[in-house]
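Asks: This structure is in structure tokens; I'll ask about it shortly.
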């Protein structure tokens with residue numbers, strides 16, 4: 001039922017930590033966690049007799065809370081050195097707080113397993129990963145074979161043509177200085193026309209060579225669109241409202257699910273599933289839960 005609620009929220013990233021403890025006749029082990037927003041699970045793997053254990057009956061017991069919030073004791077393993085020195089539990093998961101004790105025997109008994117912590121994924125890191133993927137995709141398109149070398153060649157040839165035209169204009173101006181003032185005024189008019197005709201000549205030369213400057217425009221548009229994407233980061237989703245949470249819980253109950261009946265477990269459930277930290281809203285949800 002909790003898994004169905006988590007589908008609407010941000011994904012949980014599990015973190016695994018090694019766990020181990022030693023039990024003796026007068027030495028119990030208490031497993032507790034701080035009251036944080038993360039969900040903790042104790043997954044027990046193996047129970048085995050330690051070196052120096054006597055060939056006698058050893059009974060390992062675990063004490064935790066059941067679904068109703070009441071304490072319950074469960075026998076995990078029964079060991080004897082000459083018959084069964086070790087038992088594999090295969091991932092026996094318990095929600096803390098948990099007390100592990102040696103109910104019978106002198107020990108030592110070793111218990112190993114994993115401490116599982118469910119941590120919420122950071123929404124900002126996901127957005128950064130998506131932007132990195134888009135950046136790689138755009139850079140791959142720009143570096144297509146045979147496509148990126150055409151524009152620089154066109155620019156080089158156009159620059160050479162402009163330099164040739166500038167040299168011709170300078171030669172014409174030098175010739176005009178040597179002539180009379182009347183001829184100077186007459187010669188300036190065609191020089192200006194030649195300068196004005198330069199773009200047309202360049203366009204004709206580029207058209208004769210079968211080349212055009214238009215392919216350079218999509219690249220600038222792609223850069224502008226990428227800059228717009230960097231300026232508008234996505235905002236992470238906030239916690240759900242009280243009415244939305246009630247609606248989701250009611251829908252879960254109608255589908256056959258159930259809600260925790262103990263206040264402490266219900267509060268922990270609301271914090272983990274809906275990221276709700278407002279104490280007044282949590283109490284409102286608890287009063288609504290008791291009225292069902």
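Note: Cβ is positioned from N, Cα and C throughout, glycine not excepted.
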Asks: Among the residue ranges 152-157, 212-217, 236-241, 242-247, I'd like the one that Swiss-Prot describes as motif 'Nuclear localization signal'.
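Replies: In Swiss-Prot, residues 152-157 carry the label motif 'Nuclear localization signal'.
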Asks: Pick from 141-147, 190-196, 253-259, 260-266: which range does Swiss-Prot record as motif 'Nuclear localization signal'?
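Replies: Of 141-147, 190-196, 253-259, 260-266, Swiss-Prot gives motif 'Nuclear localization signal' for 190-196.
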Asks: Hey, which of 106, 125 does Swiss-Prot call phosphoserine?
Replies: 125
Asks: Quick check on the record annotations: which of 17, 67 is tagged phosphotyrosine by Swiss-Prot?
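Replies: Candidates were 17, 67; Swiss-Prot attaches phosphotyrosine to 67.
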Asks: Say we define neighbours as other CB atoms within 10 Å of the CB. Which of the recorded sites 32, 246, 248, 265, 271 has the fewest?
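Replies: Comparing Cβ neighbour counts within 10 Å for the recorded sites 32, 246, 248, 265, 271 gives 32.
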Asks: For residue 32 (SUMO1 cross-link), which of the recorded sites 248, 255, 271 has the nearest Cα in space?
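Replies: So, of the listed recorded sites, the one sitting closest to residue 32 (SUMO1 cross-link) is 271.
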Asks: What three-state class does DSSP give residue 255 (SUMO2 cross-link)?
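Replies: In three-state terms, residue 255 (SUMO2 cross-link) counts as coil.
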Asks: Using all protein chains shown, find which of the recorded positions 255, 261, 290 scores highest when you count other CB atoms within 10 A of its CB.
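Replies: By the 10 Å Cβ neighbour count, 261 comes out on top.
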Asks: Report the DSSP secondary-structure composition of the region 'Required for nucleolar localization' (241-292) as helix, strand and coil residue counts.
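Replies: Residue counts in helix, strand and coil order: 37 helix, 0 strand, 15 coil.
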